[in-house]
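*Asks:* Grabbed the feature section from TrEMBL, which reads as follows:
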TRANSMEM  6-24  transmembrane segment
TRANSMEM  58-76  transmembrane segment
TRANSMEM  82-101  transmembrane segment
TRANSMEM  137-158  transmembrane segment
TRANSMEM  186-210  transmembrane segment
TRANSMEM  231-255  transmembrane segment
TRANSMEM  267-289  transmembrane segment
DOMAIN    326-351  domain 'DUF5808'
TRANSMEM  350-376  transmembrane segment
Amino acid sequence: MVSWPWTPLLAAVTVAAVALMLAAPGMGRATLPFGVRIPPDRVGDPAVLAARRGYRTATLLLGAVLMVLGAVAAPVAGPTAAMGAVALAAVAGHLALRVRAHRAVAAAKRDGDWYRGLAQAVAVDTGLRTDPVRLPWALLLPSGLLIAATIAAGLLVYPDLPAELVVAVEHRGGERLVRTVQTTPFSAFAAVFGQIATAVLVPGVFAAALRSRPDIDAASPKRDAERYRRFLVIAGRCTAGAVFGAVLCLAGVAALTWTGRMTDGPLVAAALAPGLLAVALCSAVPMLLGQGGRRLRSEAREDETGRVQRDDDRFWRLGGLVYANRQDPAVLVPERAMGVGWTPNLGNPVVLCIGAGLLILLAGGAAAAAAGLLSLPGGADFYGWKWEP
């Protein structure tokens, strides 16, 4: 029997979520507190500092509520439901606190007319078009080779696979349930399909991000552009590392499934740990560098331009979470929710068409599943471990 300390796990997840929420305002630019564009000389304004203090205090209180929620929900509804409830409450609470702080800063900015008399401008790095940062294809090659090796191994063992494959283990109280599925090309090579999807979609999204419009500071455009270019290079390498880690994890899942060792908990953990660690480390580096690499040191020498970044808050909705600008041809822009990454421009027809296509695809799949025309494997029965009281 495998036991799992759910209470410490829920507590650890809650602490990690609260730590991430506390760190979120510091990941972005100082001139974008809670998604509100402000002049550099207003970074230390009492209204901004008060909003930050209020957000931190409320986040700590939210963490205490999440701890109580997890402790109460786990014995009543089960650990899986408790984890879902804690995650949902954390997301909803974070959004509510962020919107509250956003409105407080926006109100102070509006009442004080902070941009009055300031020369506003927009800076553009044309070098990103004439000499763009390239996707690190050479660093993605190991992922491709690992996928090819996994496919080759699968083709070799497929004829000798049993009629059913062990894909999940459930623990309900003291009872241990082993879930199996019929051996088919889909079930046997599901992890390989995941490898291919990861190796195509993740670099594809990053390639689109390389073509996005950067948010370059008009006060020191040369230094900011130089930092942003270095950030893209580092982020590209981290993307390749994260892809390899994910592909390595899925290769481990495939090997465990083909060898019938999915029931061996320690072996599962040992097989997945290296890949998960690589994904975590490669994802953390861009976050530590800040939005656009703002924490990177710049060697470029430049005099201040005397201008400030243009106030573009009118294009950001829902507390700075959604960007919609029909006049902006960019598909992706630097996002403001967490201060790291990119967000789609919902005013761009290309984004709207892609979104509509995805909604139609999801709706069609849901309708087909409801009509019994499509059988979708459940999460508890497909490549995973699940514990219930």
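Counting starts with 1 at the first residue shown.
Heads up, the Cβ atoms here are built off N, Cα and C, so glycines get one too.
All annotation found in TrEMBL is predicted automatically rather than curated by experts.
Note that this is a predicted model, so its numbers are computed, not measured.
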*Asks:* Kindly report the helix/strand/coil residue split of the domain 'DUF5808' (326-351) according to DSSP, in that order.
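*Replies:* Tallying H, G and I as helix, E and B as strand, the rest coil: 3 helix, 7 strand, 16 coil.
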*Asks:* Do any residues, 6 or more residues outside the transmembrane segment (58-76), come within under 8 Å Cβ-to-Cβ of it, and if so which ones?
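*Replies:* Long-range Cβ neighbours of the transmembrane segment (58-76): 6-7, 10-11, 14-15, 17-18, 21-22, 82-83, 85-86, 89-90, 93-94, 97, 100, 389.
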*Asks:* Which listed range (6-24, 137-158, 267-289) shows the maximal number of Cβ pairs under 8 Å with respect to the transmembrane segment (186-210)?
*Replies:* 137-158
*Asks:* Any idea what the model's mean pLDDT is for the domain 'DUF5808' (326-351)?
*Replies:* 86
